[in-house]
Amino acid sequence: KFKFKPVGGMRSALGLLAVRRACCLSRSNHTSPRTLEYKPIKKVMVANRGEIAIRVFRACTELGIRTVAVYSEQDTGQMHRQKADEAYLIGKGLPPVAAYLDIPDIIKVAKENDVDAIHPGYGFLSERSDFAQACADAGVRFIGPSPEVVRKMGDKVEARAIAIRAGVPVVPGTDGPVTCLSEAQEFSNTYGFPIIFKAAYGGGGRGMRVVKEYEELEENYQRAYSEALAAFGNGALFVEKFVERPRHIEVQILGDKYGNIIHLYERDCSIQRRHQKVVEMAPAVQLDPHLRDRLTADSVNLARQVGYENAGTVEFLVDKHGRHYFIEVNSRLQVEHTVTEQITDVDLVHAQLHVCEGRSLPELGLKQDKIRINGFAIQCRVTTEDPARGFQPDTGRLEVFRTGEGMGIRLDSASAFQGAVISPHYDSLLVKVIASGNDLPAAAAKMNRALAEFRVRGVKTNIPFLQNVLSNDQFLYGTVDTQFIDENQELFNLKPVQNRAQKLLHYLGHVMVNGPTTPIPVKAKPSSIDPVIPPIPLGEPPVGFREVLLREGPEGFAKAVRAHKGLLLMDTTFRDAHQSLLATRVRTHDLKQVAPFVAHNFSNLFSVENWGGATFDVAMRFLCECPWKRLQELRALLPNVPFQMLLRGANAVGYTNYPDNAVFKFCEVAKENGMDIFRVFDSLNYLPNLMLGMEAAGAAGGVVEASISYTGDVSDPMRQKYSLDYYLKLADELVRAGTHILNVKDMAGLLKPESSRMLIGALRDRFPDMPIHVHTHDTAGAGVAAMLACAEAGADIVDVAVDSMAGMTSQPSMGAIVACTKGTKFNTGELPNVYDYSEYWEVARGLYAPFDCTATMKSGNADVYENEIPGGQYTNLHFQAHSMGLGHKFKEVKKSYTEANKLLGDLIKVTPSSKIVGDLAQFMVQNSLTRAEVEERADELSFPLSVVEFLQGHIGIPHGGFPEPFRSKVLKNMPRVEGRPGASLPAMDFQALEKQLRETHGDDITPEDVMSAAMYPKVFQEFKEFTHQFGPVDCLNTRLFLDGPKIAEEFEVELERGKTLHIKALALGDLNKAGQREVFFELNGALRSVLVKDTVAMKEMHFHPKALKDVRGQVGAPMPGKVVEVKVKQGQTVEKGQPLCVLTAMKMETVVNSPLSGTVVRIYVNADSSLEGDDLILEITE
């Protein structure tokens, strides 16, 4: 005689299923008395979607039953329709949810395709008695209770009455659904608050609202009613007294057609949010055995009371005193049925199918005395919900989907696969993860490990939140109730998902589609050859000057420098050299490569200049990297040589004024991150600004190197505004203020050998014990001669750059100075391997070909002695001129620079004053204005913002005062700053700034981030937005960063030590309707793709109107750039000269003023609009 094994033990191969079922058909039943005929099921339809449909299909396949899926129009790409043997569209033309509620269509498909039985799954129609009845009327079996039982259990009020008759405790509540608000009010008056509304015809938390006060009653009634109506087609509600802080315990029951009822023990579903279960466990932790017996006995009695058959769940609340109250019966399979299967080894879906066929529980081996609890199981529902935003569902495309697996892990997945689109139409469940172990801690450890293995990219998930739950001590070692999530807000301290690999692919795809993210001034490609790192000895680098500084402090360090025999060198290759030659674009990646070589071979350098000045904002603005991280990483790689930075006095590393405490705080943080020497200067040599910077650097514990910014020519008796006496008096003040080192900052390379001897000789005579440091540029080609003259006159230190990064607008050549001083009393000491160092930079420089000044400049030029353009600005000005279409007019730009300098009163020219002169010069060339015309029309022209702010006094008072009447004509009635600009600014609230940053960007904000935001709020914001979208890109080599990979190119990217990505660029897709291209990669052997918006194609589809020059009221853009702010509205009346909008380009902001008085009739731009020259901004009528 053929014997059936218990369902949970069936593990036979699918090839034996047909034989087994044939035996079932032919055998006579002697197991239990029957009045019903056994009818095998041949074909099952699941009237559902997603995970539960797939779960049932798998069970059917194991039993040799053919499967049928139904799907809505929105679900054509869903996995459940592919897992079935057949799949049919239902609800054509209906909304997404309504399609799965279309009973006539579902029955029609079942009948047309010879379906024997329909499994309703959970949700949708699973608890609709009319659906169960429709199946019966159509002659199709409903895999579940009878229609009458479904009706009774689905009506929560009737279910409550049945429970009372069965002697099961219930929570006080209404006898039937309430039909109006007044009935709910009457109940609350009788039993008091809190109360809870529940949907009478459905569950899952929909239509459920807790009301704690009378004032909340009406609103919550309306919300619960509308939710229930939308979810179940019936808004009927009933009201119960709300049990506070209960545990939510449910018992799994199973019945057959012959009156046999068993339980499969309980599940704890207390971890909920908004009454929806998040984590489920079986069995319940620390549940009193007597209480377990009462719960299970009451569940079986209640099921017998109604003649329950098939699977169901009886739900209870257990209060803190151990009293249990019946909530409801779910006459269907539960989402969390899996944990019961794991601890009882009973396949509930197999059992459902067999019971529906007419088999009894005993013959399936399912007798109460044989059901045992074995171990512990946890289920986590991985959903596309964002816990940080109140579990708001997220939608989008799954760019990456990788699960966690292994011993003790079961996955019941929905439609989760790479490329799947998560729509907003249905439940957000991706996959159910079930972990089994001997006890709760063991199961939790497996679950935690599995969740950590998941990689889901493209949408937010609740995995970080689940991991926090699983690590919570109360969860692991105590008991939890339904308030667990609400009372443990630390669960929402979510560990950010790094997602570095996919973000990098997004970046590379973006560059491949749209070109470089940083503006490219000339059309040149980065070299394909990477520099070879020179050999680096093993072990620690030799002791250098930094050892003296760390041991003896700034004063002792200064004495050691002055006492040193021979000439000391500062290497500017790490900052000013590449600022001058390569537009400050050199990345940390290339600096880090060679830093250890410098540490081992150049330990006798006075210092390395590697930070501050333009480097700070450019790092974030154009290189998309953190300047503080650069400082930290270089400090670790170059520990023995002092670092020097450029501090713009009271302007810190910015172009504007900051509160005093911001400058002090900046220096403090810089010193903490490894900065040693602060070269402090002011762009106007304005002493109050200089003094503040010196005080800030000194207070931070740094070496103070006060700078005299040099301009003019002390050897020319005809040029006496900046005379030798002027510089000596300034030096007196700086030495008196306590500088450790005195610096002469010759930012344009104007020091000739004779003027060098005069200035440095006079300073040495006046300050015999003060170390003197000279900085220059080699624009005219006389830099080496000038520095040798400075050394002869008494300078202790001069600035040089390695040979391949020297000359022209950079510093004099390191190799030349070393060679020229060799064998003399100015010997620089042994600097071995200068040429290897130079060779590295010669090749590295090729990577920056798009920014190399030699792309547009072929040599230095002695006309710098006339125009006095600083070296770094000379290059930038050249690039700016080319980028703004003025490359052919650069000679005019240089002449205009000279004229602009005279217009502004002959300034000391160094950032930011040099930028002001440059902005005015380009403005003059752009608008074909002479110096005389500018002076004449000063009251009506729209000057660059930097010029206006300078004249207002925003950067201090220039030597000799402001130019008049030019200043008064430009400013008219604008306010003026008196005295030191920063003195009147209120102190910066760093705590408030940090709080704001954390609210905006999350909790991984560092003190360094706070300082970046303090210096450059908008640039930092854009940098954080970039890293949020693309991640840290500093791990890419420079060619990939700038130009992206070529198709079929293979390369490696090291994310961190021991973690290397192997990437191959495969293909670039065509433009889709959304303006995107799909970019395909191979990442670590797996196919990946990203969707990238084609900004170029989008721009080509947009044509911006141009301003007509002969129409006076049409205001056009005076330069190419981006709109920062629109200051007027349509219909607004404006006066002549009134600001209309602010444009920015290449760090220069321009206020566009109204050319006439009138009314704004139309505005053609908004903030962030990108404009070409003469693009129409707005129209004004007089």
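Every residue gets a Cβ built from N, Cα and C, even glycine.
Record features, source TrEMBL:
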{"type": "ACT_SITE", "residues": "ARG332", "note": "active site"}
{"type": "DOMAIN", "residues": "40-490", "note": "domain 'Biotin carboxylation'"}
{"type": "DOMAIN", "residues": "160-357", "note": "domain 'ATP-grasp'"}
{"type": "DOMAIN", "residues": "567-836", "note": "domain 'Pyruvate carboxyltransferase'"}
{"type": "DOMAIN", "residues": "1112-1181", "note": "domain 'Lipoyl-binding'"}
{"type": "MOD_RES", "residues": "LYS745", "note": "N6-carboxylysine"}
{"type": "MOD_RES", "residues": "LYS1147", "note": "N6-biotinyllysine"}
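Between the candidate recorded positions, ARG332, LYS745, the densest Cβ environment within 10 Å is the one around ARG332. Within the model, the domain 'Biotin carboxylation' (40-490) shows a mean pLDDT value of 92, rounded to a whole number. Between the CA atoms of LYS745 (N6-carboxylysine) and ARG332 (active site) there is a gap of 82 Å, rounded to the nearest whole number. Secondary structure by DSSP for the domain 'Lipoyl-binding' (1112-1181): 0 helix, 39 strand, 31 coil.
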